[in-house]
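Participant: Got these off Swiss-Prot a minute ago, pasting:
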- 2-80: domain 'Carrier' (DOMAIN)
- SER40: O-(pantetheine 4'-phosphoryl)serine (MOD_RES)
Amino acid sequence: MSKVDNIEQKVIKIIADNQGKKIEEISVDLRFAEDLGVDSLSTVEIMMEIEKEFGVDVPDEEATKIKKVADVVNYIKEHKS
């Protein structure tokens with residue numbers, strides 16, 4: 001399994017756990033608000049968990065640009081040390 005696949009799987013698991021969904025229900029194409037029904041509080045919780053899991057800092061101005069699951073995966077790939 002590649003590093004990217006591993007990041008993607010972890011991100012999907014975090015979102016699924018937060019939203020009470022099955023992992024199979026989440027894909028990188030989905031949008032947080034429109035497709036998954038993630039509200040602003042849940043978005044903050046998800047981003048805090050992402051920061052903790054991957055050791056990355058996601059400033060608020062960057063977090064507001066994240067609209068899809070793929071955006072999270074790409075952000076981690078770009079900023080993970």
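Placement of Cβ uses the backbone N, Cα and C atoms for every residue, glycine included.
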Participant: Helix, strand or coil at SER40 (O-(pantetheine 4'-phosphoryl)serine), per DSSP?
Facilitator: helix
Participant: Quick one: average pLDDT across the domain 'Carrier' (2-80), no decimals.
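Facilitator: On average, pLDDT over the domain 'Carrier' (2-80) sits at 94.
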